[in-house]
Amino acid sequence: MQTFVNVFVGFFIFESVGAAPIHDTIIYDSEFYDISLEELPHSFIYDENKQFDQVEAETGTALPAIIQERDSSAPLTEETEDEASTPKLIDGSSAQGSGVLGPQTQDGLPTCLLCTCLGTTVYCDDRELDSVPPLPKKTTYFYARYNRIRKISRNDFANLNNLKRIDLTANFISEIHKDAFQRLSQLQELVLCDNRIRQLPELPSTLTFLDVSKNRLGRKGIHNEAFKDLDELQYLYITDNNLDHIPLPLPESLQALHLQNNNIQEMHEDTFCKMRDFTYVRRALEDIRLDGNPINLSKTPYAYVCLPRLPVGNLI
């Protein structure tokens with residue numbers, strides 16, 4: 001009986017062990033890298049849609065807190081959107097104002113992007129401009145040479161109280177408003193040479209340098225006593241303008257007067273000196289150019305007795 005029991009128990013244990021699953025040990029090496037998924041010993045379930053849905057859900061839950069707050073907040077107001085769309089300059093002002101890049105031009109660019117600004121000097125040379133661009137209020141020196149500017153309006157330089165020099169050489173300027181420069185209280189140098197100017201505008205009394213050479217002033221382009229009140233004027237250049245006379249009176253401060261290549265045919269003896277005052281000496285005016293004019297300087301010898309030097313011109 002004991003033997004029968006031992007046999008029965010042993011058979012039961014054998015059946016239990018045989019029914020248990022057998023796990024084979026698989027070693028993955030480089031030889032298995034080229035086999036497809038279907039040939040691997042274990043089956044894999046790959047659901048493309050399920051995978052992407054899970055990735056999107058995980059990405060949504062990983063959004064930064066600041067973005068979640070913006071999504072949950074009220075939409076931007078119109079004023080906020082306007083502020084966000086307007087670029088701010090480095091001084092905190094708008095590009096449409098008078099910040100470091102200057103006011104907005106007609107081309108949609110700030111002046112200091114269209115031109116070049118160095119400190120308070122604005123260079124707009126050779127930019128194909130057809131008008132004076134709006135300048136920063138602190139502009140001191142303005143250069144716009146070799147452009148296509150045709151007209152100087154009354155307000156082109158309005159409120160630019162720091163301007164000391166304007167250079168508009170080689171443009172197409174034919175018209176200048178009479179008050180375009182009159183209100184510039186600190187303007188010292190004005191260069192308008194190589195244009196098409198027919199009438200000289202009113203000039204500020206602060207000028208020390210004026211060059212209107214190579215224009216079309218002719219007989220009537222300079223009104224009477226145009227330079228009388230320019231008590232600080234030192235250099236006056238009116239060459240190549242078809243002038244037929246010397247514009248008088250000339251300020252006592254004048255040091256250089258260039259009138260070459262005009263149509264001046266005669267000169268009065270009181271042009272530079274005072275015939276009723278033989279003690280009068282005009283020491284400042286040392287540079288007078290009258291060459292290229294149909295005038296014989298030897299016919300008016302008393303016109304130069306008060307000068308430190310004789311004018312340059314035809315003496316025969």
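Cβ coordinates come from backbone N, Cα and C, glycine included.
Database features, via TrEMBL:
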| type | residues | note |
| --- | --- | --- |
| DOMAIN | 111-141 | domain 'LRRNT' |
| REGION | 70-101 | region 'Disordered' |
| SIGNAL | 1-19 | signal peptide |
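The domain 'LRRNT' (111-141): residue composition by secondary structure is 4 helix, 7 strand, 20 coil, according to DSSP.
Across the domain 'LRRNT' (111-141), mean pLDDT in this model comes to 95.
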